[in-house]
Amino acid sequence: MKRAMAAVLLVLLTLLVHSNAEEEAFDVRHHLSTVSRYGVVKGIADSSFVPSKIPNGCTPIHLNLVARHGTRSPTKKRIKELDNLATHLEVLLREAEEQNLSLEKLPGWLKGWKSPWKGKLKGGELIIQGEDELYDLGIRTRARFPNLFNDDYHPDVYAIKATQVPRASASAVAFGMGLFSGKGSLGPGRHRAFAVISESRASDTKLRFHDCCQNYKAFKKSQEPAVDKLKEPVYDEITSALRRRYRLNFTRQDTTSLWFLCKQEASLLNIVDQACALLSPSEVSLLEWTDDLEAFILKGYGKSINYRMGVPLLEDVVQSMEQAIKAEEEKHAPGSYEKARLRFAHAETVIPFSCLLGLFLDGSEFEKIQREQALPHPPKPPQKRNWRGHTVAPFGGNNMLVLYSCPANTSNKHFVRVLHNEHPIPMPGCDGTDFCPLDVFKERIVAPHLKHDYNSMCDVKLEQQEQKPVASKLSQLFPWMFSLGNGDKSSLDEL
């Protein structure tokens, strides 16, 4: 009997130690979905994936970058939400005191708490940490691809583009300062001036396609209530737990605001022992999942229009590669052709672009989106999922598409390598490799999307009309398909 009791106690002690170790290892900053700081999560990658070995003699000749802005402050609307939270917390505490409820478990910081952003009249701007993220990314990019960035700066050689939103253009400036540091004559850092080009918000179909696509905006507005319904059970469960734990009459809105506060404190201020500490690791994981679920449905693979509206950006990327190949074949002089096209935008840009490339899918899922079939939602914790906001589009998150030129004795002359957050990432459309022959990349990944014309897809008035012919568009990007003459046209028919 004594031995049995001892064995039970030993098992319980082991479980307790294991549980405590798990909680100590839990870093809430790795669970903030798209509010994650780039420096905290950029090292997170699929450890099971083995990157391709670049063949000898293959050299990068062009780089496309699509990056999200760096860490920013809360927007004006969210600042007001936190002020409302502070007001309601005062009411809850006063009610508890009037009812003589025991508040022993209540953290001291909650009493008299005020938002760190109280009194701020503006918001949403790039903060210092966000500047550092993009500045450092610029330095690392030049160090990684020295042959691409060894020419003197010219806006036609290194094109830098950003949306008209200040945090995006400020991110472009920070990146450019890092990229060209030491190459100019301005100040002790020998910086140099460079151009950042922006399109009007009303017509920027390459970087703010989500703002220009009327059908997408209507879809998003129609789906938001349904997404809220999917999230409600999680928020209700956690709200009830918070009430029991701290003896305060929290509402669902309080839980929403406390989760937002947790993300802002942890990401922007490196404070993890206040709002985040109110929640258990399992509760944080559930709230993170609701954020990931929302991004999946409204910005990602949840509906094909979410990413198909990004076709103008995908076309721009491929056209820049074709121009680089033409410059190489015609032996243009150094400094006379583009070597990098660098874009700075938003999560609403990076997420759809990642989906156009088929990232974060397995082979069967990629085949489904090619057939425009719906994908299941990301599974709820504790089940594992590929779709994680902190990986897909953290602050400063980015995709780099590097065009390589290889010797004549290799199987193909040109290859594309995709780096997500600076890590090689598998492309299901290229048989799970990160180093894909350009022709295969265009045929399997790009071409199926080009059936969809942006205006026909996005303009309410054109929605019911027959789509515009895409043959002329395809012929520009895939001339090899149209050299088949009257022979076998199966490649074109399958587009």
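From the backbone N, Cα and C atoms, a Cβ is placed for every residue, glycine too.
According to TrEMBL, the feature coiled coil maps to residues 79-106, out of the candidate ranges 23-50, 79-106, 247-274, 415-442. The recorded disulfide partner of C58, taken from TrEMBL and restricted to C406, C458, is C406.
Long-range neighbours of C406 (disulfide bond) (same chain, six or more residues apart, CB within less than 8 Å of its CB): P55, G57, C58, N412, K413, H414, F415. Geometry remark: C276 (disulfide bond) versus C436 (disulfide bond), CA distance 42 Å. C276 (disulfide bond): 21 other CB atoms within 10 A of its CB, across all protein chains. The two recorded residues C262 (disulfide bond) and C430 (disulfide bond) have their Cα atoms spaced 39 Å from each other.
Every protein chain shown contributes to the tally, and the Cβ of C436 (disulfide bond) ends up with 24 other Cβ atoms within 10 Å.
Its Cβ taken as reference, C262 (disulfide bond) is surrounded by 24 other Cβ atoms within 10 Å in the chains shown.
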